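Structure first, then comments.
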């Protein structure tokens, strides 16, 4: 039914007047609604959560001895990836109003009364933690190169180093949330930019993070990303340099090739899932630059971002050969055949070595 009406925001003791549905809802589609996004989030979670649990099991049970040093970093990285996945699909399930930095949660945390402000904070911390995972995985590869002298050698030192990185991830995003902004006034600024948002914008739980032009949040993001990128690049390029330029009689070509393979696998594992985040971020920047609002596009951009967990899990399972072989065994049920082929191959190689 198309009628002009007033939306009451009881939490802020204010009425939003003159919201005319006949003008604002003429281009309304199901794909721009909260129902569509909520259902799509739930479907994504239905697919990704079992796969994430299976990946935990695979890393714990299948990781071979030659990858032993990577086991704990892979588990930690997968834990934070799963956390980010759940933030999108279950815990917060954000419904975002690009080109503004505002949104309303559709997930579990909002239903149990967790403040939107702190849901947003945890979401930003979760993204920053993924950056810390980059550092951790690349440092793990760098620490295994015997020709490198400048590296973390003691477990205690490594524990302190990454504890500081984790603390930094929690602290660097705090400037966004220290000020108690007047949400009614800041929403008026958003409404001047988006005159006809979907009805969900007038939900009392909708939170506007930025009004635009804030200096402290800008520097917070800049420092956070710089901190992650500089450390990641140091470990990455240091490792590449020693694997490609530095030679040593103590390190065989086979060992170097194996290290190169592991580094390539880690790089792919890190880079591919971030495609799911890069495209929505690029779209949000375009929307901000052109002042473009299309809620259906916003919803689909968030769904692409929510598939980060699915891509990350698939990369972990299929990039590393031991995990890929295990998945193949599970899917085909040929575990015994593989064991027999390994046994036959081992016996044949032993017979060959004896005959030689």
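In case you wondered, yes, glycine gets a Cβ from its N, Cα and C as well.
Because the structure is a prediction, the values reported are computed rather than measured.
If you look up TrEMBL, you'll see 40-60, 118-138, 159-178, 216-241, 262-281, 301-320 marked as transmembrane segment.
Among residues of the same chain six or more beyond the transmembrane segment (40-60), those with a C-beta under 8 A of the stretch's C-beta atoms are 71, 74-75, 78-79, 81-82, 85-86, 88-90, 93, 106-107, 299, 303, 306-307, 309-310, 313-314, 316-317, 323, 326-327. Listed by sequence, the residues of this chain that lie at least six past the ends of the transmembrane segment (159-178) yet keep a Cβ under 8 A from its Cβ atoms are 117-118, 120-121, 124-125, 128-129, 131-132, 135-136, 152, 209-210, 216-217, 219-220, 223-224, 227, 231.
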